[in-house]
Amino acid sequence: MPSSARPQPLLPNPAPSTHEPTAAALMGLAALVSTPAAGWSLPPALLGPLLYWVLVCSVAGYFVVAWAMQTLPASQVAAFQCLQPFLGALLAACVLGEALSAWDAGALGVVAGLFLVCSERGDAETAALVARVRRVLRARMRTVPSRTSFLLPVSETGKHAQ
């Protein structure tokens with residue numbers, strides 16, 4: 001084999017096929033048509049919400065993510081993917097009137113992380129912000145019961161720093 005020849009890949013190039021969307025659509029149609037034969041029934045009143053769920057929530061969501069991957073850096077798109085649970089909980093609270101729990105409020109950490117990932121500030125400013133947040137958290141951890149003392153830094157003697 002000449003030295004300039006490229007080695008052959010182990011697997012063929014996984015280029016997308018034009019038949020995949022057609023096959024997926026036909027399988028979905030077959031499942032929809034065969035549902036009554038399987039003994040399942042869908043009340044007609046649920047057809048509209050089901051179509052909304054499939055078209056808007058799923059299909060449109062994938063198109064938005066694909067568009068974002070073409071126009072934004074991958075790190076920002078990936079960071080915004082982490083916002084989906086938080087925004088879902090926030091919308092449920094605003095639209096449906098559901099109560100947010102402490103776990104939902106913890107998602108604010110995700111938003112803060114997203115801000116740090118996407119901010120345009122320099123490394124020195126980000127490091128100063130992180131140091132300030134750590135100081136505040138350490139000060140608050142000192143007033144929290146001992147079950148969270150594992151979050152405090154440990155000194156060389158093995159005891160938690162005060």
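Glycine too: its Cβ is placed from the backbone N, Cα and C atoms.
Note that TrEMBL annotation is computational and uncurated.
Annotated domain 'EamA' per TrEMBL: 27-117, in sequence order. Across the domain 'EamA' (27-117), DSSP classifies residues as 74 helix, 0 strand, 17 coil.
If you look up TrEMBL, you'll see 23-43 (among others) marked as transmembrane segment.
Cβ atoms under 8 Å from those of the transmembrane segment (50-69) belong to residues 42, 77, 80-81 of the same chain, restricted to positions at least 6 beyond its ends. Summarising the annotation, TrEMBL assigns transmembrane segment to 50-69 (among others).
Beyond the transmembrane segment (89-117), the same-chain residues lying 6 or more positions past its ends with a Cβ under 8 Å from any Cβ of the stretch are 75-76, 79-80, 82-83, 126, 129-130, 133. Taken from TrEMBL, the feature transmembrane segment applies to 89-117 (among others).
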